[in-house]
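Annotated features, as they stand in TrEMBL:
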type     : residues : note
TRANSMEM : 6-26     : transmembrane segment
TRANSMEM : 33-52    : transmembrane segment
TRANSMEM : 58-80    : transmembrane segment
TRANSMEM : 87-106   : transmembrane segment
TRANSMEM : 136-153  : transmembrane segment
TRANSMEM : 183-208  : transmembrane segment
TRANSMEM : 220-245  : transmembrane segment
TRANSMEM : 257-277  : transmembrane segment
REGION   : 300-334  : region 'Disordered'
DOMAIN   : 336-582  : domain 'ABC transporter'
Amino acid sequence: MTYYLISLAGLLPIFIILGLSFNLLLGYGGLLSVSHGGFFGVGAYVTAILITNNHLEFIPAVLIAAAITGVVSLSVGYAAGRLSDEFLFIVTIAVQVALVELFNNLSVTGRSAGFAGIPRPTIAGFHLNSNTDVGVLIWICCAIVAVICYRVVRSPYGLLLKALREDVPAARSLGKRALRTKVTVFAFSAAIAGVAGGLYACNIQFVSPADFTVDRSVEILALTIIGGLAAFWGPFLGATVVVVLPEALSFANIPDTVAGPINGIIYTLAVLVLLVLRPQGILGRKDAVRSKVVTAGSDAAVPEPVDASPSRPDPTVHLGIGAPEPGVPHQPPVELRSDGLGVAFGGLKAVDCVSMAVRPGEITALVGPNGAGKTTLFNLLTGAVRADEGRSFFGDREITRLSIERRAQLGVVRSFQEMRLFAGMSVLENVQVAASDPAGETLLGQFLPVRFRRGRGGERQRAEEVLRTLGLDDRRDVLARDLSYAEQKMLMMARLLATGARCYLLDEPMSGLDQAARSQLTALLRRMVQDGTSVCIVEHSMQVVREVASWVLFLESGHLLTEGTPEDVMSDPELRTIYFGQPA
């Protein structure tokens, strides 16, 4: 019995490590993989070969196994950054099947007979002879992995993972590198699974392809969901269930041929029940489940007009946004302009040879009837859509071929008609993730302590300052989806301001707001341009255009018909006929 309990105690931390690995990928990153059982096997086989055939000690063998597993997963990680969830699921199944086939057919792995005779690990010349020694080693490794994962998920990198889980286009529009982040988290998660595989090989001293089939991947998925998505302690609970349940069935004298299917049925039912009754898992928070914020495009977008709170500060008093850090020179105002910009969809010109400018220190209004191409022009200016013709410039720099992330990093950011907040994240987290170039946003940054601490403090301080300025500091811990519609609009602005950009393209920022909220947002826009920031808004209300804009661009059927002051544009009878459908 003692030997049995020691073996069980050695197996539990291995599954905890697997859960930590997969929770990082699915719970925080929102990426569903069915190939982690295969990556687990890669780590196990590489460690077994290095220790048995090459006589390496445990630490270098496991580190090499983790590195190889991470490299093997890179192609899948790249697919994760390019494919939809459905296609990624299919790709990971294919990778899982391919890895098991390799295990079954390579002579170095022992083919289907498995790899036997794995010696006990050696560390610094000290040979671990007993199961107890190996068990202690496994728990120490589990603790180290847990500390590393905790540091990652609590860092700006972890915050970025959650933002990408919620809304990839929104994160990209803030200058966040989605592809790089997804590739690195996939490789890092797979590498941790490789560590678990190495520990498994040393603990069992025998590995077989049957240990790393798709059933193992489903088991890892089940323990993650049971414990709770994006709940750090969830894998500890989920792993306990997954490890203890089969042993409980063995004590019930149920034959192995029956116990296996029963395990699968219980896992499946547990996952289904949790997905229906508590989709965030036993220990998970509701913000771990990807959700959609109430937007202007939904039926419930504007339940009732929401008054601006009289207790909130007037944003004209003190904006305090965009000020340079001490010792950093202030960036000069920059003009965003286009020269003959155009794009066609299916032969139809959505934007046709548009030359325009968004000048510093001014609020420019882009107006025109529905379908005129206003949002498409924003997409061209920000890089969301590649132009077929023409060029775009930000100051003296041509940005025509730059990605949406790179343009945002240079200082051109945008909002969306549907706002696209990170609905399952708090108000503070929404603004914090938008902070311009936060240190530690890369995976490597988590292992540079000084940079990590400075990055976290700086971005958090900036986020709190923005929230105080816009009157949202008392709502900092509220999920974005639980805000009122007017508050969501202000959060949208807060998130943009936190980037420290120099040019803001706002798609219908006033839509759905009552007069009090409009006045508050109008005051904010006026204050924004006082330091040379440029703002361009898409707006349908001519009253709002008169109040805030100093220059108007009139777009119709993809053509820029005219531009001028609000008074000049609105006094043109032809334009009024186009816009209102009848002469003035």
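Backbone N, Cα and C define each Cβ position, glycine as well.
Caution: TrEMBL annotation is automatic and unverified by curators.
Note that the structure is a prediction, hence the values are computed from the model and not measured.
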For the transmembrane segment (183-208), could you work out the same-chain residues 6 or more beyond its ends whose Cβ comes under 8 Å from its Cβ atoms?
7, 10-11, 13-15, 17-18, 20-22, 24-25, 28-29, 31, 33, 36, 39-48, 51, 58, 61-62, 65-74, 76-78, 80-81, 112-121, 134-135, 137-138, 141, 145, 149, 152, 161, 442-443
Listed stretch, out of 6-26, 33-52, 87-106, that has the most CB pairs under 8 angstroms to the transmembrane segment (220-245):
6-26
Distal contacts, the transmembrane segment (33-52) - CB-CB under 8 A, six or more residues away:
18, 21-22, 25-26, 58, 60-62, 64-66, 68-69, 72-73, 76, 80, 88-89, 92-93, 95-96, 98-100, 103, 108-109, 115, 117-119, 121, 186, 189-190, 193-198, 200-202, 207, 209, 211-221
Where else in the chain does the transmembrane segment (58-80) make close Cβ contacts, counting only residues six or more beyond its ends and a cut-off under 8 Å?
31, 33, 35, 39, 42-44, 46-47, 50-51, 87-88, 91-92, 95, 121-123, 128, 137, 141, 179, 182-195, 197-199, 202
What mean pLDDT does the predicted model reach across the domain 'ABC transporter' (336-582)?
90
